[in-house]
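The structure appears below as structure tokens.
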Amino acid sequence: MSCPYAGNGNEHDDSAVPLTTEVGKIYGEYLMLDKLLDAQCMLSEEDKRPVHDEHLFIITHQAYELWFKQIIFEFDSIRDMLDAEVIDETKTLEIVKRLHRVVLILKLLVDQVPILETMTPLDFMDFRKYLAPASGFQSLQFRLIENKLGVLTEQRVRYNQKYSDVFSDEEARNSIRNSEKDPSLLELVQRWLERTPGLEESGFNFWAKFQESVDRFLAAQVQSAMEEPVEKAKNYRLMDIEKRREVYRSIFDPAVHDALVRRGDRRFSHRALQGAIMITFYRDEPRFSQPHQLLTLLMDIDSLITKWRYNHVIMVQRMIGSQQLGTGGSSGYQYLRSTLSDRYKVFLDLFNLSTFLIPREAIPPLDETIRKKLINKSV
């Protein structure tokens, strides 16, 4: 019996016969691989001094830019869905799915850095002279990602000029300007949080109930501290309770909160912060499950961008040290290190929510009125 997988000269080879009569494109045409795979122009090769690792350098950065394009595509679709007065649960599920996709892409980008680190500093030096004045600072797509996410111009670290001035192309500058004007993910999430059901003073009034719970919690802490037999320990506990009281005052007093926003220490409006805290407390409720996932994914995105920046900083220090200027004229390592601060963390308030937690048993219970309202599928 002949092997069904083995061909012979007498059999008709139908491997090239189309499986469909529909008009379409073959794999290479559809992906435009002729353009994609012909876009690696090694300047060292043009100079008749080819450096092997320049090819890796180009491929890695092109891969970054392709993934940046996909992140922008996802962010734009998410922003479109959030830019509505009412968002039903099916939309929330889709937003969560796409944010999760961005998280996985960013994890991949973080993991790409070690591949570039297989190149030694001497290997990099062999072709670094060809890179000037090019610089990662000139990545238009990364700047668009930052702006669409919600990095504010006034929060940026300046190195020797405004970040948008590195782009000589007017079309690129227009893209930057438009991304600064358009509602960012931060702004749209803030609007969405401000509509959290249960914040209404005429309804459940979560914020008033939360303040009452905090007051009772701190009063119980004071009573417990007063029973401490050791004077020094008692004073220490009372001092710690007063510090916590001041922390809570920073969210309960709108004037204090607004001052922190002006200073750049907070990002959300006062009401949006209330919504985020409420979702965090009641995340086990079916209605708040997806919103809580959404907030968690936003923190994941912030964290992964920070990790990517950190890995980039370490790689730059390893390749060129901490004193040399970058190829684009920036302060290189020093500038990149400065971007690791909280000023570049867009959803900083979400990271700090744990500061305001109270024990589970102290969380105000939901009444029947709010439970019925939470059955409504839209916010």
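Cβ atoms are placed via backbone N, Cα and C, with glycine included.
Taken verbatim from Swiss-Prot:
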{"type": "BINDING", "residues": "Phe57, Ile58, Ile59, Thr60, His61, Arg128, Thr327", "note": "substrate binding site"}
{"type": "BINDING", "residues": "His312", "note": "heme binding site"}
Quiz item: Counting across all protein chains shown, how many other Cβ atoms sit within 10 Å of the Cβ of His61 (substrate binding site)?
Solution: 15
Quiz prompt | Cβ neighbours of Phe57 (substrate binding site) where a neighbour is any other Cβ within 10 Å | solution = 20
Quiz item: Per DSSP, to which secondary structure element type does His312 (heme binding site) belong, with helix, strand and coil as the options?
Solution: helix
Quiz item: So of Thr60, His312, which of the binding-site residues has the fewest other Cβ atoms within 10 Å around its own Cβ?
Solution: Thr60
Practice problem: State the Cα to Cα distance, in Å, between Ile59 (substrate binding site) and His312 (heme binding site), rounded to an integer. | Solution: 16
Quiz item: Using DSSP, would you call Ile59 (substrate binding site) helix, strand or coil?
Solution: helix
Quiz item: Given Ile58 (substrate binding site) and His312 (heme binding site), what distance in Å do their CA atoms have, once rounded to a whole number?
Solution: 16
Quiz item: Including all protein chains displayed, how many Cβ atoms other than that of Ile59 (substrate binding site) lie within 10 Å of its Cβ?
Solution: 14
Quiz item: Between Phe57 (substrate binding site) and His312 (heme binding site), how far is it from one CA atom to the other, in Å?
Solution: 13
Quiz item: For the residue listed as 'heme binding site' and Thr60 (substrate binding site), what Cα-Cα distance in Å is obtained after rounding to a whole number?
Solution: 13
